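Going by TrEMBL, these are the annotated features:
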- A:141-202: domain 'Spo11/DNA topoisomerase VI subunit A N-terminal' (DOMAIN)
- A:170: active site, O-(5'-phospho-DNA)-tyrosine intermediate (ACT_SITE)
- A:170: active site, nucleophile (ACT_SITE)
- A:206-242: domain 'Type II DNA topoisomerase VI subunit A all-beta' (DOMAIN)
- A:251-421: domain 'Topoisomerase 6 subunit A/Spo11 TOPRIM' (DOMAIN)
- A:256, A:308: Mg(2+) binding site (BINDING)
């Protein structure tokens, strides 16, 4: 199909510099369309809010009477974290002195212990726990590392300082061996103590960046994200520093990759269509997810996602939307509801006539991931997504955002995105 | 210059002139080109690409011939291979050339100009300086800095290759023709054979003719003969006939039967040493019922190599049976040849008798399907070329039963296993023999062995075949080792990419893994010019290889799991105790901090906690007490688990291996027997 159309298109290309540019209306017209969409969606939310008085507050596990069978963590103050740790340690010491050794009961974060709750539209952790005894060859390492991490966090509590995950790892490299081990135990510990990872005073290195029509305070300093140069502002690793968000944007654009982000930032896309552009450069970290949620909650803007047209693009989208399995215990704080899939969608490949040489064949692994995702609840709940994913698996083709560069580097910001906005083509 | 090029040159020249004369006399030159000539000009396809490879190929052709010969009379093979290095002056004296010193040194390619000489001296001085420095600092020197002496062009090395077997031997009168004439397509039927081209020693003879010009020497005796035939001959490449120097009968004093073949060829031992030794050892793996003696005799005695591969079993695989072609495997040419050669009269008889899996009923049905031009009774010799195409088409499309694997002779699981154990001494080995499968009308059988662990590098110093960490692949096709072009081979690809070693508790990078796959077939679908590997594109073979390897892995897994459990038993206490200081240290650290907080009254604690913290401050609870108590607990748990393991597993032993005792030489008769009521102790003098 696409092959047959190709020669025709090249003919059209001669008449106009970029395909589909002719359909594009003026920026003012698109802005007008967007404004009417936003006001209508807001009034819709408002009217539904009026009818059911409870929806002003988001649903919680307790509302669904799931709090007994599911585990969720909360932000705890430093002193209560300290008390929790001390209680655990005293218990251990007592058990050791009684000659019984010791063990931890750690909530299992395995896939079998995860539950997607459609009412909440996110993944939560069930209540299954595994026992981690010291006197067992298979768990002695993890148990020791857990003890060590508890002691380290106890120190952080006493001194009231923040350290990075990397710092934590370097305090005892010989025991931890590599950072993935100390990181995994850190998640176990926050799960065990029932607090968020941020309450442990351990932060991750900055990964995400934000640029555009946003003003917020970072540790008391006001930041204007339109005046942060081309690279934008790094998203602060601990969200409690962030406050006073103000914006005149119409939407938040969530970008999977750095390359597309740089393109949009350099073209100052946010000045043409007032928006906030965010990326976590691949799989999102905790800070970016917290930041996105905060923006969405405080500014009440629609979130549009621009990801690759492959199973991993959708996976990243799902992590923002419904949470990751690894950190499902804190999904209430980490997920952003109602993210729209703007592009690149499998159906866009033919719709925008992406040339054959820019599409990539899916590997066996890709296809398997795609099929697995079709079984996931968070995909199933959105019929539009299911359709797109089915199309991807059927055509066995994927494409990256950069595939659009085949029409010129600025096609993304000049034509594709405005056209998408004009047609309100998101799912 | 030692005339490496000159014979080839003259040969080329002569062939050209002869072609011209033929052109004038006969119409078709192509038919007249002798097979010997063809192979001489295309020696790379037969494995004679360069001198080193030629030495290797010569050895393998001779060894494979020897094995075939012994097996054909059901004799346990005994093969002796000797490679003797021949220096330039010795070689010259052999061909009757007098050594000549170089007079005009600048004439030669390896002449060193003054500038180059200066450069070299500086380099050598620097090298020796570094060496001295290293020596002073106590660093190990890699190799005594012998600067590589570059072999000049034309400075060829010559080797005398001798191979002696205890096989069938050859009839006295046939010997000249068997060696001195290259024939193609002598085989009428279809059979699993070792040789890849069916050329045997003839290529070696052509190579010797091309590189040294010296004749081949053959000694042979058959079981019924009371004499030994000695024959010295060379080949007239252009006319494809033997040129006999000497053909005589000698007395056979030792009642020897078999053949001994000796050729002098140009070769390169240095570059192909490891390949030749690998070949011999892998041959010993796949042929454990044979005895090999390999010797390399150098001009410098310290470089001599002698390796003996002893017999480990006297069970030989059956001789492969000759079978007829399967209809789906024949091509047009073959049909034509079968039609010409058949002794059958009618088409029906021809179809019924010249192919497998066609009975009378099917033959009649096939003829009916061919159309009105054909009838069961028609004379088969009257079939036209056009009609043959019809037969061919039908053979391609019609459905036939698969050929059976009865005509094949796989190495056998038993022999493969013994071979691996005998030559490589792995810690564990598992073997599997697949059932016969079919690819394009040719049956094939895949056998596999997987071994884990192996002897230490230090113990096996000069013997080259060693396991390195990771996957070591050994490929065999029709019971001969394949050494070249490993990368594209179906076995390599399967072992490296399609087997999930982790799931069998085998560590792909850390363990020493041996993967042995032997494929036998009436036709091995080789790839590449040198027929050195089997392509990865045949799904039937790829699947069979994968499943055979997997079967071995499944067997190994249970052994490995058992071993891991046993090791865990032994090391449990140690691995648990290792972590005691870290864990108790962390606990104590927190307790101490809490005590400090408590004494400074910065924080209030619950009653039970206060009780403990007071003990900490009074040093009743210390790091040491925690350590001791935890160690006690570990001890207790270890004891309980050991008891549990012992009751669960019981007293089990490894399965025992049968040992193989060498047969005594019946010629030894002077025994001293020490009799006892229960046994006889025999001293062999």
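Cβ coordinates are placed from backbone N, Cα and C, and glycine is handled just like the others.
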How many helix, strand and coil residues does the domain 'Spo11/DNA topoisomerase VI subunit A N-terminal' (A:141-202) contain under DSSP? 47 helix, 4 strand, 11 coil
For the binding-site residues listed here, A:256, A:308, which shows the highest count of neighbouring CB atoms within 10 A? A:256
Once the chains shown are all counted, how many other Cβ atoms turn up within 10 Å of the Cβ of residue A:170 (active site, O-(5'-phospho-DNA)-tyrosine intermediate)? 13
PLDDT averaged over the residues of the domain 'Spo11/DNA topoisomerase VI subunit A N-terminal' (A:141-202): 91
Cα-Cα distance linking residue A:170 (active site, O-(5'-phospho-DNA)-tyrosine intermediate) and residue A:308 (Mg(2+) binding site), given in Å to the nearest integer: 35
In angstrom units, rounded to an integer, how far apart are the Cα atoms of residue A:256 (Mg(2+) binding site) and residue A:170 (active site, O-(5'-phospho-DNA)-tyrosine intermediate)? 30
Provide the three-state DSSP residue tally for the domain 'Type II DNA topoisomerase VI subunit A all-beta' (A:206-242): helix first, then strand, then coil. 6 helix, 15 strand, 16 coil
